[in-house]
Amino acid sequence: MSWLKILGAVIVGALLLTVGILLGHFAIPKGGNGPRAPSWVQTVGRDLNESLLQSFMDQVDSGKIRENLKALASQPHMATTKGDEELVKLLLRRWQDPQVGLDSASEDVYGAFLSFPDPQRPNSVAVGVCGSQIFSTRRSEKNVTADQTHADVVQPYAAYAPPGNPRGRLVYANQGKRSDYLELVNMGINLNGTIAITRYGVAGRADKAVNGAEFGVAGVVVYTDPADINDGRASEEETYPNSWYLPPSGVERGSYSRYFGDLLTPYYPAKGNMPGQGRALTHDGIPPIPTQPIGFEDAQTLICNLSGPVAPASWQGSLGCSYHVGPGFRTGGLFPNTSDVQVNVHNQRVIRNSSNVMGFIRGSEEPDRYVLYGNHRDSWVHGAIDPSSGTAVMLEITRVLGKMLKEGKWRPRRSIIFGSWGAEEFGLIGSTEYTEEFYSKLRERSVAYINVDISVFGERPSVLSSVSVYDNWRNHFNRISPSYGVIPNLGSLGAGSDYASFIHYLGITSKDIAYTYDRNKTSARIYPAYHTAFDTFDYADRFIDPGFTSHQAVARTVGNVLLRLADSLILPLNVSDYGEKLDELYSAAAQGDFLANLNANNLSLDPLKAAIGRFKSVAADFNQRITKLKEESPSPLQIRMVNDQIMLLERAFLNTQAFPNQYYYSHVIWASKSSDQATFPGLADAYTSALETGDWDQVQKHLTIVVHAVESAASTLEAVA
């Protein structure tokens, strides 16, 4: 009987199963009325759409970039001036356009501490004898094209230089480095009460005056030597508008501040509820003595009439004479040998409202993760190359993305934030105030920051049309990688543009992208019209990028990077590549005199070597986990976990106590340094200082800081469980 019961149970079970299947098929309504998986299940695992990326690049139009630049550079737009305010309105119109605009755009205003010349009392450098003026430098550049005649072209001046009228005998101090002034002292020259004339380059603008004041110099004159920017060409026939070289009357304007950010409100946004601390008037990062830039035609008149010893060979330039160091003028020259030079500065320091224009595209799956892309908007004069070439590219990128967005063809996985920063030329003020105001949010949520300031420094070779950007980069600027062989080289980010506060202060992975000229074909330290009244649309259109194909290539390259960061399921950043940089910095310390001096003072690099070894091992393991993850069907939380580890790796190298004497610098790998030792910046500076002072405790301190940072970075990448 037992087998009959079992058989009966099986038959009953089969009947019940059959009934259930039939009910499920016929009784439950079909279509959208029944329960279904939530919509996010279908999209949360999506990866970068390569065809959409190609569509973006196909739509980037060189002609529209040219139109953008023509509009942006149509008038001078110094920070907070009428021209700048007009561009604020232009950006808002573009980003709020219903057809090709972004999700939203806004204007953020800060009260920036700035410096301007007195329009009623022009600055000058004059030669006089017995109270009578016999020579004065030009107060504006020569009008070689119609652009220079605009009423809003600001007269040449050194921003933040204090007002004053010091007079003294002229000395030539090369580049104004501390070692240059010391060289003059070693020649037996008494610098007290003198006026120093220095050339642009090597030492920072403010350093030329700060260093001079240390030796008793009363005033500083700065000029651009044709040897440094014109490949030695100095005549009007050889310069713009006949070539890209700087005309003799050209004067480089600039901010004479060592630090970035608003000088009155360090570490706090320059808003109404953040009172200034009043420190800028006695700030050690701005000139303590009157300073004024001039053109090289006026510099020739002064330098070629100096007396005194012949300047060292490395100090000689291309003014068409043998440079002497002074002090004072030679007998039989253009001026009586009793003549003095007077620096007349009437600058005014003011607080004015400066705007950032912010554009937003909300992410679909990870709206709380930000990919940032920015460029400053303000210029010294027309600023066609600096910065409008970058803004022209940004506007074209946002036009194409905005069109795709409005047509419903695309929405990024992560949010994209665009920034048009204000008052950059005065010291990266707009971007720094932004990072100060949103410090916590940006540190916690930012994937990367992309900067495109000057997008094209000089015309690219025509052969580039048949060569990829990657191959051209690798052909002209490369390195040998232990892992990949010959690859494009990446330069280190200093503090020359708006990426500074993102990388050094917040530890956000940052990149600056530009096309530059072939350094084998010119020795120009930067494009020749830099910061002068000749940086115009005509200059850009004729000599920098005829046809705007280089601008187009930059826009496509930047857009490629931006979309990969915003849309890739797993962030496209290889953590193992950091190991190569750590090895490079370590190797510079583990050889020669550096290592010998460490050993002589009982300092060992073994802990650092071990920490780097651990980092490389952990990074390799991390990459293997990512490879395995891609082969599976990872959950959203697994994806989020590894992406956060990648995003936060850069933050692990921050140490706010590492550089107490440097505002904002806290990144132990990328901080600025004064030493020429090619190792970790804090270690390099401490080592160089110890050679003079014998303070090897500071070297030990920075060894500890680096080891701790590398260990922290390794632990950031370790498996969570």
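Yeah, the Cβs are placed from backbone N, Cα and C, and that goes for glycine too.
The feature transmembrane segment is assigned by TrEMBL to 6-28.
According to TrEMBL, the domain 'PA' annotation covers 168-254.
Sequence annotations record features per position, and here TrEMBL assigns domain 'Peptidase M28' to 356-541.
With DSSP classes pooled into helix, strand and coil, the tally for the domain 'Transferrin receptor-like dimerisation' (603-718) is 78 helix, 2 strand, 36 coil. The annotation domain 'Transferrin receptor-like dimerisation' is assigned in TrEMBL to 603-718.
Here the domain 'PA' (168-254) is broken down by DSSP into helix, strand and coil counts: 26 helix, 17 strand, 44 coil.
On the 0 to 100 pLDDT scale, the domain 'PA' (168-254) averages 97 in the predicted structure.
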